[in-house]
């Protein structure tokens, strides 16, 4: 079986919340795609409940695109500690951390239920499993902890 980078990462050494560059892949025509680890909570110490994580996912889909060009996808980790962010080009971890911070600030302080996209049977495959209350509480906690642009040392942006 192929080795997967995220399973090679020593999850006991990282210091969440952080943004980590996993890899930059170069396509046949020279296009670059960057893969980031947006770790919101400390692995094996906490996990965001699915309803809150699901709502954060739906909100980050738009809010990160409002703050950064070239976003391809932002998908949650199965362990519920964060997200993969895939983007064209080579944005820095600092740029991504600033965009993430701004998005979480909007979730925590501004977002209302009617702002959450994809919350009905037509636009979401599990539309009943959302919680804006949980999303706001987790966003506040992550912001209070501070988002670092480095995974192994705290360099809060």
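The count begins at 1 with the first shown residue.
The backbone N, Cα and C atoms fix where each Cβ goes, and this holds for glycine too.
Copied over from Swiss-Prot:
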BINDING   54, 58, 124  Fe cation binding site
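Locations of recorded Swiss-Prot features on the structure.
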residue : record                 : Cβ neighbours (10 Å)
54      : Fe cation binding site : 25
58      : Fe cation binding site : 21
124     : Fe cation binding site : 16
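Highlighted in sequence order, 55, 57, 116, 117, 118, 119, 126, 127, 129, 130 have their Cβ within 8 Å of the centre of the Cβ atoms of 54, 58, 124, the residues recorded for Fe cation, and are not part of that set.
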